[in-house]
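Per TrEMBL, active site, proton acceptor is recorded for Asp42. The annotation active site, proton donor is assigned in TrEMBL to Glu236. Feature annotation from TrEMBL assigns signal peptide to 1-18.
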Amino acid sequence: MLFSLPQLAPVFLTSAFASPLISRDTQCRGISGPFLGGSFPDPSLINLNSTWYAFGTHNGKDVQMGSSPKLESGWNKTGAPRLDMEAAMWSGEDKPGKGWSVWAPDVYKRCSDGKFVMYFSARDKETIGTKRAQHCIGAAISDSIGGIYHPINDFVQCNRTSAGVIDPAWFKDTDNRQYVVYKTEIPHNYLEIREVTSSSSSSSSSAANEGISWASHAYKLLKAHSQGFNDGGNIEAPYIFKRGNVYFLAYSTHFTGDGTYDVQYATAEHVLGPYTRVKEPLVTTTMEFGCRLVGPGGASFERESGGVEDVVRMAFHGLTEEMDINKRVVYTATVRVEGKRLVIEKD
């Protein structure tokens, strides 16, 4: 996401991280990138017909998309517009012409009819001009992966008892039930999940509603600072995937604008939990991979077509040497699944 906490003063890194970030597409013992320069935060992955696509936060008015035949190289941005926010009746611009504060898109292809659904968060029109302007989660649909995506105005999730909801991500379980996991903002500061309609029925009405109708109430998964962890006041960017009988809930903690940001994960035996947090982060500010990596987070995971069960592909954003929250770039990696443990492959 773009901003979920007040913008804090940057954390100045020690001299061990004084050298500049790599500035070209490369691979540093398992971490590839940076890609999609300028700024491409909150990347979500989808693999379609042997091509990788990434969707990310853009300028508040729209989302952006990149594509590549390989996860590890060759990424290019493609043109906009992608999302028709003028048609989102529940959202509004903070100021005319300034956009709807659109954040963190996530896209999947429906089984029922081959259409594409995009989940995103944007400004809640009802809260504009108040002391607590917030975000809601919406959905949009398109006939093609590149859009244009048209918002579904009766699919909205808000939480006006908090500062809103952000960072939606789709998950399909092995029983074909589908869910959206997301973050509820401060003061609650927890991750939630809610079921959406699936393609279990062959009826035309069921196909038309797949992924764009809520099918349950919300369930709480994890709260910031739970299980003895220090999350720096923030937990966000959830993403669920399953390998074998284990559900993995990945998420980021701390502040996305400095070197404290990271990717952590928890595991469970049921999609609704309870989730047990893993002590060691999956990736954090480090020189471990042979190149400087600062503030990694906002990760998504997608298996490569024809891949194997013990491997999952990952994309995340990181800061450039300027330590500017408006200049976050994309990195990719291959993650090995070892039971309930995740390890980034270094070769």
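A Cβ is built for glycine as well, from the same backbone N, Cα and C atoms used for every other residue.
All TrEMBL annotations are machine predictions without curation.
Across the structure, the residue listed as 'active site, proton acceptor' and Glu236 (active site, proton donor) are spaced 11 Å apart at their Cα atoms.
Within 10 Å of the C-beta of Asp42 (active site, proton acceptor) there are 34 other C-beta atoms, taking all protein chains into account. Other Cβ atoms within 10 Å of the Cβ of Glu236 (active site, proton donor), summed over all protein chains shown, number 27.
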